[in-house]
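Q: Take a look at this one; I'll ask things after.
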Amino acid sequence: MATISSTLLLNSSRSALPLRFPKFSGFSSSSPFARSYRFGRRNLEPLSNGMLSSGSRADGATAAAASMEGVMTEAMKLIQSASPTWKSAVANNLLIFVLGSPLLVTGLSASGIAAAFLLGTLTWRAYGSAGFLLVAAYFVIGTAATKVKMTQKEAQGVAEKRKGRRGPRSVIGSSAAGCVCAFLSIYQVGGAAFSQLFRLGFVSSFCTKVSDTVSSEIGKAYGKTTYLATTFKIVPRGTEGAMSLEGTLAGLLASFFLASVGCFLGQITPPEAAVCVLASQIANLGESIIGASFQDKEGFKWLNNDVVNVINISLGSIVAILMQQFILQNWVK
């Protein structure tokens, strides 16, 4: 494993004050954290040259240097933590959110980012960097699909509000089932026997949601003919409970891709990835039927998109867990 070290020289008229960044061993120089560290170092060093022009500034810089060194040491220790803790989860999440803020603001409102930060912290605490990367992949895919043909969607009145920037209710509605699985994993409910089931439910919930988002957004952008899930009657794009061939295929591919990411990251096995894809399609069909049958109907005004999202991803998680227990487990044996 590589060692990361650097020396930052703060020059003044009185003296040159060396600030030595701590040596961090135990993680690869090619890791995202190492690259981020080097990026920050390269940008700090030029700014430091000539920064100090008086003795008083030099004295202040000495204290600041010592403080910065302590903060950096503690932060990198948390990042390298083998077993995720709440402290390491917050530190890692904060670092990634700062570096990824240009992307985050394109897909989330300010309050949505706050909700996503809580989700990211919980995910890292439960499943470490692998779980976090899975959720990040979901966010990138979903945001990209939402932006497809945005002008056309807005003209037709079927685009997401705020140029597709999701708020806190959308974030919570899209991650509720995953959060439940994460909490159950953190506190080891049911012991080791249930640990992988909760992990499977977590992955399946996001496979379900990414499939739902992509199928909806691509269907609104490219769907040639849109059918109501309950009657197969042709309806306008954007109708609740409507489906299109183009959107359905895109959603299936998105679910397959995210399940493959989960498999690659070691969160699930290949057979479990197949379960996630199948469960996501079953859940999305169920959501379409619910939307077509009840949403926007008299007596069901409470059944808005956020509530339907919770039902959808919960179905995806539950179906995947049941399939694992009653079908896949027996088939593997």
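Glycine too: its Cβ is placed from the backbone N, Cα and C atoms.
Below are the features listed in Swiss-Prot for this protein:
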| type | residues | note |
| --- | --- | --- |
| TRANSIT | 1-65 | transit peptide |
| TRANSMEM | 94-114 | transmembrane segment |
| TRANSMEM | 126-146 | transmembrane segment |
| TRANSMEM | 171-191 | transmembrane segment |
| TRANSMEM | 248-268 | transmembrane segment |
| TRANSMEM | 274-294 | transmembrane segment |
| TRANSMEM | 307-327 | transmembrane segment |
Q: Where, among 94-114, 126-146, 248-268, 307-327, do we find the most CB pairs under 8 A to the transmembrane segment (274-294)?
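A: Stretch with the highest Cβ contact count: 307-327.
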Q: Under a Cβ pair cut-off of under 8 Å, which of the recorded stretches 94-114, 171-191, 248-268 contacts the transmembrane segment (307-327) most often?
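A: Out of the listed stretches, 171-191 contacts the transmembrane segment (307-327) most.
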Q: Would you say the transmembrane segment (94-114) and the transmembrane segment (248-268) are in contact under the rule of three or more C-beta pairs closer than 8 Å, pairs 6 or more apart in sequence?
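A: As far as Cβ distances go (cut-off 8 Å, pairs 6 or more apart), the transmembrane segment (248-268) and the transmembrane segment (94-114) do not touch.
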